[in-house]
Amino acid sequence: MMDNSTESVEDAVSLPDFDNPSFYVNRELSWMAFNQRVLEEALSRDEHPLLERIKFISIFSSNLDEFFMIRVAGLEDQYEAGVQDRSIDGMTPAEQLEKIREGVTAQFIQRDACFYGDICPELARHGIEFVDYRSFSESNKEVLQQYFRHEIFPVLTPLAFDTGHPFPFVSNLSLNLAIELEDLEHQSMKFARVKVPSILPRILRLDLIDGLDFGDDRIRLLWLDDFISHHLEQLFPLMRIVQAYPFRVIRDADIEIEEDEAGDLLETIEQGIRSRRYGKVVRLDVTPDMPESIRLLLIKHLEVSSRNVYEIPGALGLSSLMELMRIDKPELKDEPFAPSNPIEEKAGGDIFSAIRQSDHLFYHPYDSFQPVVDLINQAARDPQVLSIKQTLYRVGSNSPIVQALMHAVEEGKQVAVLVELKARFDEENNIVWARALENVGAHVVYGLVGLKTHAKLTMIVRREHDKLKRYLHLGTGNYNPATAKIYTDYSFLTANEILSEDVSELFNALTGYSRHTAYRKLIVSPLNTRKRIIAMIEREIEWHKKEGNGRIVMKMNALVDRKTIKALYLASAAGVQVDLIVRGICCLVPGIEGVSHNIRVISVIGRFLEHSRAYYFRNGGMDELFLGSADIMPRNLDHRVEVLFPVLDSELINVVKSELELILSDNVKAWQMNADGTYSKVVDQRPAVNSQSVFLQQASMKKSISKFKVNGL
């Protein structure tokens, strides 16, 4: 199922050398620029409520951890192997690692200055403060000593390091205390390590601990590692605690699976998850006050390069700040909103009846994800439904979708589910659901060898008037109601016969030995996504030569594929107007005269994570629009099962066109990519347009997306 096309999009006219490294942005540095934009949301004092700014610091920090676990780990492997191959922009692995360290160091400084210098004082003004244990009264310290003894002490494990005790294993993402001790009996110095338990909250809320009295109702917060460090004498009696120094470890967490050699994929992935714990250390976070002797000891025994040691003056592991979102201070958070539910409002909740009447397109989170959940629930209960087939990639830990599928099996339906076990960092969760589905009798498969199944597909077969009718859900996002509240994605419900035939054939390929490749409407990776996208770009060039008004609009999470970028450069050189909405990585450089001067790239970072993918071509006035799961990256085009599906109804095409135009008009949350590869906030003289806020306003007015007014395109 590989796309072996050898597109020659450069042959039509004489053009610059599109392999020139200056025409591309480094993938890793582009990702870091994206994470910088996430950090900027925390830095912006007037654009988010206070706790939401803290949330962005947490997201930035969590993103960066994952970046090191996967991308930096891969570069480290190349560097250690002496690889000198250059990236798309001409950099060696060593040069990329140097740039990453330089950028991350600067970002840490920005993040900590924002949190400690700006956000913490603002929290204090709202009655929330991080406090110093040493400032407490003796009576409060006594209460906390008892609290430590009963609630913290039992789950701590002090680990010594000496000739009789090997250096303790330090797990990935763990926060630890490196402790200097003096053995008073033998008058010698000792070293020990205590892991800060991840099973406990990282941030203690002192206002929730009985017996403490501070004389007011302020919310006082204490870092758990700080709290533990003040009670270490309970762990090491007859020892003098010299000092405790926090440190944090990030390990290589990529799982390499030789699927051709795997007897049982599920067991192989379980083994991979276990081995992930022992990946090499790719980042060591320490505080500046850690003595050189302890730092060198950690570097030696963790086998980490000194270039991968980062000094962080404040608390380590700020991804844990997400815990503060539990604080009940509505005035410090985004206002809640109720998404519209067009099916419920228009068809009284009978989803099959609604789909028979017309196709339905939902734009989450502004439109509720509940109709998708209701579709599976209704199918599970409906005696006329014979079978349900579905792909699952990331479904969450408490999934109503999976519960509905299990209920459908119990109701006698034939249920076939492709559970993608290789969904990174969701492997364990997906294994649990795969086994649960198997245990109730569902047909569970794990996909195709060598490919991740990332497509979002559901097919329901129902008996109607002595005939079988198929109903489809096709989406751009996961079957996860929790993320559907914070990710922007499309859901498409249809009973279109041609699409149903295509989806049926695709499920046969996924679950059986079908080698069907001739899909009539769907674009499927790794068969032909790159080929079809490039063909539509080339077609737009031909239309532009005839009519002079070629237009391409693409919205995606990442644009990395060199062949597609070259095709877009060719379109720009031919005069086609190209607008790209790329949330994250973008290796294409806009604004280069004679190459990309007709290309505009924006990235929208706001309250919701922009996750939908849309590919629009004017096509000489015969608009063509595809939605789906695929970004324009080699992994999506060559190594995953992805689906792009056409929107065939002209009214729904106009809906998406208007939404794309609104996003392109954003001058509040949009960042524009410059010709040097940097990003700057969109600044113009128009009235302020925050596209996500406009969509929220429309949802609050109970407007269906089918009523959105077309503006432009």
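The chain as shown is numbered from 1 upward.
For all residues, glycine too, the Cβ spot is worked out from N, Cα and C.
Pulled from Swiss-Prot:
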BINDING   Asn63, Tyr487, Arg583, His611  ATP binding site
BINDING   Arg394, Arg424  Mg(2+) binding site
ACT_SITE  His454  active site, phosphohistidine intermediate
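Structural mapping of features recorded in Swiss-Prot.
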residue : record                                     : CB count, 10 Å
Asn63   : ATP binding site                           : 17
Arg394  : Mg(2+) binding site                        : 19
Arg424  : Mg(2+) binding site                        : 13
His454  : active site, phosphohistidine intermediate : 25
Tyr487  : ATP binding site                           : 19
Arg583  : ATP binding site                           : 22
His611  : ATP binding site                           : 20
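Of all the binding-site residues in the list Asn63, Arg394, Tyr487, the shortest Cα-Cα distance to His454 (active site, phosphohistidine intermediate) is found for Arg394. Taking CA atoms as the reference points, Arg394 (Mg(2+) binding site) and His611 (ATP binding site) are 14 Å apart. The ATP site, placed at the center of the C-beta atoms of Asn63, Tyr487, Arg583, His611, has further neighbours from the same chain whose C-beta lies within 8 angstroms: Asn557, Gly584, Leu609, Glu610. Across the fold, the C-alpha of Tyr487 (ATP binding site) and the C-alpha of Arg424 (Mg(2+) binding site) stand 18 Å from each other. According to DSSP, Tyr487 (ATP binding site) is assigned to a strand segment. Using Cα positions, the member of the binding-site residues Asn63, Arg583, His611 nearest to Arg424 (Mg(2+) binding site) is identified as Asn63. Look at Arg583 (ATP binding site): DSSP puts it in coil.
Of the residues the record lists as binding ATP, namely Asn63, Tyr487, Arg583, His611, the two whose Cα atoms sit farthest apart are 16 Å from each other.
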